[in-house]
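As given in TrEMBL:
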| type | residues | note |
| --- | --- | --- |
| DOMAIN | A:3-247 | domain 'Thiazole synthase ThiG' |
| ACT_SITE | A:Lys95 | active site, schiff-base intermediate with DXP |
| BINDING | A:Gly156, A:Ala182, A:Gly183, A:Asn204, A:Thr205 | 1-deoxy-D-xylulose 5-phosphate binding site |
Amino acid sequence: MLKIGDKEFKSRLFTGTGKFSDNATMKAALEASESELVTVALKRVDTDNEDDDILRHLGHERINLLPNTSGVRDAKEAVFVAQLAREALGTNWVKLEIHPDPKYLMPDPIETLKATEELAKLGFIVLPYIHADPVLCKRLEDAGTSAVMPLGAPIGSNRGLRTQDFLEIIVEQSNVPVVVDAGIGAPSDAAKAMELGADAVLVNTAIAVSPNPVEMGVAFKMAVEAGRMAYEAKLAQAKNFAEASSPLTGFLDEL
Amino acid sequence: MTFYEKFKEYDWERIKSDIYSKTARDVEHALSKDKRDLEDFKALVSPAAMPYLEQMAQLSHRLTQKRFGKTIQMYVPMYLSNECQNICTYCGFSLDNKIPRITLRPEQIEREMKVIKKMGYEHLLLVTGEANQTVGVPYFEKVLDQVREEFSHISMEVQPMDQTDYEKLIDKGLNTVLVYQETYHQEDYKKHHPKGKKSNFQYRIDTPDRLGKAGIHKIGLGVLIGLEDWRTDCFHVAAHLDYLEKTYWKTKYSISFPRLRPFSGGMEPKVVMDDRELVQLICAYRIFNEEVEISLSTRERETFRDNVIKLGVTSLSAGSKTNPGGYSEEKDSLEQFEISDERSAQDIASMIQRQGYEPVWKDWDMALS
């Protein structure tokens, strides 16, 4: 079981709500994926309307909402949006996304660190979206983050784990759960991330833009389970035994 | 949360049985991976790994060169005092050992420094027994004021202290603290330390946490080989290292594994580690952790030290005296333990060079502290 903050998750597949052709398809795909944590952009929710279409479709008992701060450009705006989301959606969980750059939506590490410090002090369970930067991950831990969400490749690019070398370091060093976010384009990418020891993955585009989002949701569910199982069973490794040129321990025979 | 919380979850006998039941297959698995965890470490220090010693040595050699290149750091201890309020069954400074007690005064420290500087050293290790009244924080502050202008890197191996004391000493230029647990076997620890502040196992085991919180540059860990089953003890060092690296991630770490040596009034080691086993241990630590510094003191014999340079060790002391004032005046006073490699610093440096390695005298600067 994966534990983040005070919640336990059976499923290690987190999902998003963007880019689906319609909300009914979104609901069907997310249910099929058995995801228990679903991120939703506060900017897309009509907080004044109790019958908001997205929220209505996410009203499944298993699904926990993870509001995100998409659209903010700095720490100050992020803290404000997180507080609004807490009021509107009744959760202190927040996926912190600060990307001042509108083209590639690259996360701003400095503002993200500042906002994490502030939000953790305010009692939020913070899951920051970041570059695969091992030092930033440790700084975020010090700041009180509840998980880290490094990117595998640029958001929405479906290019897979381009940051694998750094993800491996992050996984090795982390004291908080590592959720690989962004870039995962195929179930095999998700399985690979799980084999590397990631605690969960967050997938949106690859499910949402598939011609068959429901089947793709199932495919990701299975891939994440397979990857995790392989990690726990410990992967066999390619052998890289040294070939002794001149023995280094020969002296022991003479001592 | 400190390491002691984690430590309480470990069961000595279970870990020992895990280690002794590892098989050749577990060793091969550990050797073929890219990164090793604590289970792999158990396999690497197990008796089952003995037939793989040459393979371990080759791998350890390659990993050490990858991270450290062909260099060996040089350091030297300066014993400031042999006064001690503890009884330790294995140590020449023990309170119940009737020896003349000396604590160096500033002018004596000055003379020691001159001799040590002439030997070429820039990395100085200050050592004392544990006597808070005479060699407490105020004494250390004065010593640091005196030595920090002359040396680039200053380490200490003295009694454990509180976090605020460490903060004061770090402000004065302290870079590294070595604090060996001696043994992680909690019950037997008490038998070896029946009297004095050192008998508080928990305070000692949590010292690296206090150092980490104080923001120290480097922490040295280790056990005294000979007190308990070394494989189980060294597993705990690896687990401690693993925890500290993740928690105090800005700090560097070094490990050392002194084998119990004869001393005045001495105790026979409970377990004996032979040279082959020490090579296994050095390689196991390196294969487990590619970044950790591994140091070897003059307790070890010449031939052994000459050969382990290529196996994973990254720092050596040489020309060491283990009695206060030993470099400049107290030629015959009592040592903490007998050293085994009595060659001069220059002889050791030449030996390192002959092997195609560079002896590194200075690898830090006060400007960075």
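Cβ coordinates come from backbone N, Cα and C, glycine included.
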Handout entry: Cβ atoms near A:Gly183 (1-deoxy-D-xylulose 5-phosphate binding site) (within 10 Å, other residues, all chains)
Key = 26
Exercise for the section: List the other residues in this chain whose Cβ sits within 8 Å of the Cβ centroid of the 1-deoxy-D-xylulose 5-phosphate site residues A:Gly156, A:Ala182, A:Gly183, A:Asn204, A:Thr205, in sequence order. Expected result: A:Gly16, A:Ala153, A:Pro154, A:Ile155, A:Ser157, A:Asn158, A:Asp181, A:Ile184, A:Gly185, A:Val203, A:Ala206
Problem - For the binding-site residues A:Asn204, A:Thr205, the one whose C-beta sees the most other C-beta atoms within 10 angstroms - result: A:Asn204
Practice task
Round to a whole number and give the Cα-to-Cα distance in Å for the pair A:Gly156 (1-deoxy-D-xylulose 5-phosphate binding site) and A:Lys95 (active site, schiff-base intermediate with DXP).
Solution key: 17
Fill in the blank from the handout: In three-state DSSP terms, A:Ala182 (1-deoxy-D-xylulose 5-phosphate binding site) is classed as coil
Problem - Farthest-apart CA atoms of A:Gly156, A:Ala182, A:Gly183, A:Asn204, A:Thr205, residues recorded for 1-deoxy-D-xylulose 5-phosphate, distance in Å - result: 9
Practice task
Could you tally the C-beta atoms, other than its own, that fall within 10 angstroms of the C-beta of A:Ala182 (1-deoxy-D-xylulose 5-phosphate binding site)?
Solution key: 28
Exercise for the section: Return the single residue from the recorded positions list (A:Lys95, A:Gly156) that has the minimum number of other CB atoms within 10 Å. Expected result: A:Gly156
Completion exercise
Rounded Cα distance, in Å, between A:Thr205 (1-deoxy-D-xylulose 5-phosphate binding site) and A:Lys95 (active site, schiff-base intermediate with DXP) is 17
Fill in the blank from the handout: Mapped onto three states, the DSSP assignment of A:Thr205 (1-deoxy-D-xylulose 5-phosphate binding site) reads helix
